[in-house]
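A.B. asks: Structure below; questions to follow.
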């Protein structure tokens, strides 16, 4: 907290260098910046003094400020030596107290020597106490620097320094007026020959005044150091002390002073005294960190301006530029800022709040001189378009998810396994989030989050969406290529386990890659030195792309194997197209990003988003359209047929068909428990089945003609057809299998032992029947 104490002192009118009013400003510094109103008032007084004319000195305020006194230790030592010299000389005789006519010259010589031999000393005085020098009431030789050299005068003429207002004399007098000591205590050795003396008083016994303006003396701001000296006690001449020292003792005789001018020092209002943050002997430090620079600027002290306010300039911070770009001096003058702030404090019209601010550089500019852009901004229109398009796609996926659940019992969706379709839709939505994150976060402070999340969205989406398609195709491959008559059952739950294992593998891969070498948003430069942001490509990115290509290559292999497999609603065909498409797009994406668009600077800031959107739309959107477009078409057609009735149903009803719906003669491989057409893949089995079909047709023809002889012949031929070689028998066993395992009807039962058949006809008749 900062407080101001104003004290009024009464001055004698003949003392020109002191003011009628002496304003004492007590500034108590806190951890924060000082109260700017108090500091402003103090600096206004400094400025008012500096603005006065040479002969227009009307007041001299004293600023009660703390300052670094150790900088003037050498100057203080001058006053200490002079005081000890006077005290020592007082033991040799009464010349020091002016017993002779020429003794005054000794004192003038001492003060002149103090000034001439010490460049930093502005003035020096010896001020005797009342009636201690000759018969003078007061006597004070004073030397000070003038424009034409060092001048000396008696300061006591026209100036009574014995008053309590003259702190440089009165404070030492109060401290030492009642103190006296013997000469033996003062000196350790006698002064005979080359003996040395040891002074009792030191620096701690001196007194530093507050900064004040010496009006009428040197007309400068200064501080004074006073050091008491001692003379043989003269009780009869002392009227300032009630305690009369004993004879032969030493008592307070006056003070020796040195003045240090502050006019050559700079008022430092900036936070740091110099670049190293250490003290500087050329600045006055009580006003440190009292500048008025705005937050967009920083204070820089101006050396050599002397003891006046506003000795600084406000330069723009890094990342800001000076508003007047045509001005060669890119800084605000501290004196102008102080002046405008003073007008604001006094309620006058001012421009302090509206002016003296630097303007912020364009985005990503480390330094600038105007508003020239440094960053290649990504297209916001493209971002909005991508967000709208991708959001619409995700909304369509949500509609398809609900549509799948509603039609889960429909034969079209039931044949495609609704559970796998749910997984497929979720994976597609995850892949869409890659574009949403990129469009929403690019060009913001969260851009690096997209670089971290992008591989997760891509590879987890591939694991879910393409995992469902690949394992579904794998099931068709296993069922289609089996050579056993025993049915092969691969349920959806088994596929879910495999998809889960693939997802866990992807999560482990992504977690390790993110931990060891995470991708981040790096700044790059165009040929025009424009910056743009782009995610870094790590080793794990290449490993991820390679793993995805291997997974898709396996899918291509499966698609080739089942390319001729019969499938309900052509789903296998559409799955194969999707896998082929994703494989080609992945390769094209790598080439497009690393080769083609790397040299196109006009779209370099948007190239990752453009490539990402194109890849997702050409793969995920096409995949969803192919798989669901055909299903929705078949569902609509099925509902239309139920209302109007198909020609196939009418034909079956006319022929007395046994089922309410037509059953396709070609087995399919898309359902959970597929019916296997072994003849399609095994030529030997197909040949045997064709021969048996001919015999069965002959039996059916005999039954129609009610010809018992022909029936017997056909049965004999059928029995002969069953007696095939062992190799064909293995094929037949593969075809037929056990009754429990075969999805079709059981084998024809053999005739019982009690059954009688008519006598067989000739071989020619059998051959005729077979033909």
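Every residue gets a Cβ built from N, Cα and C, even glycine.
Annotations in TrEMBL come from automatic prediction, not curation.
Since this is a predicted model, take the numbers as computed values, not measurements.
According to TrEMBL, the protein has these features:
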- 1-30: signal peptide (SIGNAL)
- 381-406: transmembrane segment (TRANSMEM)
- 418-436: transmembrane segment (TRANSMEM)
- 451-636: domain 'G-protein coupled receptors family 3 profile' (DOMAIN)
- 456-474: transmembrane segment (TRANSMEM)
- 495-516: transmembrane segment (TRANSMEM)
- 539-562: transmembrane segment (TRANSMEM)
- 574-597: transmembrane segment (TRANSMEM)
- 609-629: transmembrane segment (TRANSMEM)
- 734-771: region 'Disordered' (REGION)
- 740-753: compositional bias 'Low complexity' (COMPBIAS)
- 760-771: compositional bias 'Polar residues' (COMPBIAS)
A.B. asks: If I take every residue in the domain 'G-protein coupled receptors family 3 profile' (451-636) and average their pLDDT values, what number comes out?
C.D. replies: 81
A.B. asks: Sequence-remote contacts (6 or more beyond its ends) of the transmembrane segment (495-516), Cβ cut-off under 8 Å?
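C.D. replies: Sequence-remote neighbours of the transmembrane segment (495-516) are 417, 419-420, 423, 452, 455-456, 459-460, 462-464, 467-468, 471-472, 475, 538, 540, 543-544, 547.
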A.B. asks: In the same chain, which residue numbers or ranges, 6 or more beyond the ends of the transmembrane segment (381-406), come under 8 angstroms Cβ to Cβ?
C.D. replies: 413, 418, 421-422, 425, 428-429, 432-433, 435-436, 438-440, 442-443, 606, 609-610, 613, 616-617, 620-621, 624, 628, 632
